[in-house]
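Okay, structure first, notes after.
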Amino acid sequence: MYTIYTLLESFFIHPFLQRAALLCVLSSVLCALMGAILMSGRTTFLGDALSHGMLPGITLGIRMGGPWWTVSFMGAVSGIILTSIALWTSRHRALDMNSSIAGVYLVAIAISMFWGGSEEIMHAFFGSILTIPQSYVYVLAACTFGSSIFCYFFLKDLRAYSFDADFACRAYPKMLWIYRGWIGLFVLNAAVQFQGMGALVVLGLTILPFLSFYVLETHLRHILWKSILWNICATVLSLVLSCQKDWPYGPTLILILGAGYGGALVYSRINFSYLWRGILLFGMIPMLYAQRSQVVTSSRLLKHIVEILLPKSFIVETLSENNHFHHVSYSARNLIKLTQTDLIIIHGTGIDMYWLPILQSLEVKARVLVLSQEITFKNFQEGHDNLILDGHLWHDPGYVIQYVKSIENILLSLYPKWAHPIRSAAHAYVQNLLRLDQWIKKQWFGRKKGAGLVAHDGMTHYQNRYAITLYPVPEIRHHQGKYLKNLMQRNICAVFPEQGHNSHTLHQWAADLNIKLEDPLCIDDLALGETYVGMMRKNTKILCQGLTLNIKKKISSNK
């Protein structure tokens with residue numbers, strides 16, 4: 001009961017959860033209505049083509065940074081164009097509809113990857129239900145109301161069209177206009193819903209509930225209202241799991257709908273009358289209640305620093321426990337953390353840039369410390385003009401010292417009773433970082449260094465601090481032949497993969513360049529259980545071994 005009370009309290013307190021719950025109900029009704037007509041007419045190809053055809057326009061609109069309605073409009077235009085091409089080729093070029101849709105799949109996904117990165121693609125696929133504006137809810141409510149009125153008056157006509165289109169058009173001359181009106185309504189609803197739910201989630205809410213009850217029922221009206229109820233239950237359950245378990249909303253919803261479809265198939269074959277009781281029993285298992293955190297950070301590194309400065313009685317957490325800590329995580333549990341904490345600490349420019357608009361939209365009452373606005377940047381070497389935008393400042397201990405001082409000042413203002421232990425811990429840690437910086441400089445002093453190839457572009461501040469040369473591996477969409485050919489002409493002595501990431505590409509590059517693949521580096525964030533000083537010492541030893549010993553071997557082999 002306590003868990004249920006805290007969950008209901010969260011929905012009453014947080015406006016973004018109220019908007020998300022309302023969006024769940026509206027999308028459940030709207031997708032069930034569209035799915036009943038779409039599936040009964042055996043035109044699922046239309047939903048597939050539209051949902052995938054919208055991806056290029058959506059990713060391009062997100063990349064251009066326009067408001068949600070312009071992105072929806074661009075998605076609708078691209079969906080109509082690609083779907084029209086698929087329909088035209090299937091009718092006039094003697095191609096099967098499945099073949100035409102397969103072509104739309106490939107072209108749409110390729111264009112989406114060309115125009116957008118991983119963030120844009122994930123947003124287009126799964127939406128952002130927890131960060132929608134209030135105006136979007138009004139527009140979706142109007143679409144749901146209009147679609148319900150349209151289906152109330154023309155549902156029987158559309159059913160007749162689905163059974164025999166030619167006969168329906170001859171018997172009722174206005175049938176063709178009714179069908180075209182429904183197609184336009186479907187395109188409008190799909191374009192509007194992508195912002196909150198995403199293209200794949202909308203397609204799942206449209207098709208999977210109908211399939212689940214189609215194997216159990218024969219009457220379209222029963223399938224329709226049961227699909228609406230199942231959609232509401234699935235969307236609300238996904239929202240609850242996102243709040244309590246920190247699960248991503250979109251993939252969780254698709255898995256729940258898929259499990260329902262699989263359960264319907266099993267139930268239709270086995271006719272196990274107590275299956276629903278077992279599902280209900282597992283659904284009522286109480287969930288763990290999370291304690292209120294006092295400081296929330298955007299990475300393990302910042303959490304590590306705050307834990308050193310504060311006494312152990314304070315609760316310090318990261319924004320997300322199961323995603324990349326400094327990237328956007330559309331989880332209700334993470335957003336609830338932000339609204340209940342005393343202090344939020346983020347890196348700011350670079351890797352945490354996506355959190356700034358989210359914090360502004362949530363209107364959190366906590367103090368927000370953006371570290372990139374508090375530090376003083378150093379002079380850069382030539383060829384490193386983009387270091388300010390990099391964000392991985394913490395590979396330079398000098399910047400971490402500025403981090404510690406900025407965090408110390410804001411902690412003293414929040415918790416004046418703990419001023420003495422905070423100052424003592426900060427002073428001791430700064431001295432430790434100064435000794436670390438001197439130790440790293442001694443390791444590189446007098447060494448004849450070559451160049452290295454690293455799996456991430458986050459080591460630029462390290463090489464700027466200690467005068468070494470590291471070439472980052474470009475992202476997949478930027479892999480170009482010219483870059484790979486230039487690597488062969490550079491004095492690369494070692495290849496360094498990134499800890500916790502796939503290194504198959506670097507294995508191949510090391511074999512092509514005929515150089516050794518060294519131990520992985522910790523580049524993106526602290527590993528679990530590691531300290532900053534220990535991580536920097538480990539990285540320095542790996543780099544010294546690779547860039548010094550391998551260069552000697554290469555020189556001797558050339559002689």
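Positions of Cβ are set from backbone N, Cα and C atoms, glycine also.
TrEMBL: automatically predicted annotations, no manual curation.
Marked as transmembrane segment by TrEMBL: 20-38, 68-88, 100-116, 136-155, 176-192, 198-216, 223-241, 247-267, 274-290.
With pairs at least 6 apart in sequence, the transmembrane segment (176-192) and the transmembrane segment (247-267) have fewer than 3 Cβ pairs within the 8 Å limit; the two do not touch. Residues 7, 17, 20-21, 24-25, 27-29, 31-33, 35-36, 129, 205, 209-210, 212-214, 217, 247, 249, 252-253, 256-257, 260, 283, 287, 332 of the same chain, all 6+ positions outside the transmembrane segment (223-241), place their C-beta atoms under 8 angstroms from a C-beta of that stretch. Ranked by the number of CB pairs under 8 Å to the transmembrane segment (136-155), the listed stretches 20-38, 176-192, 198-216 are led by 20-38.
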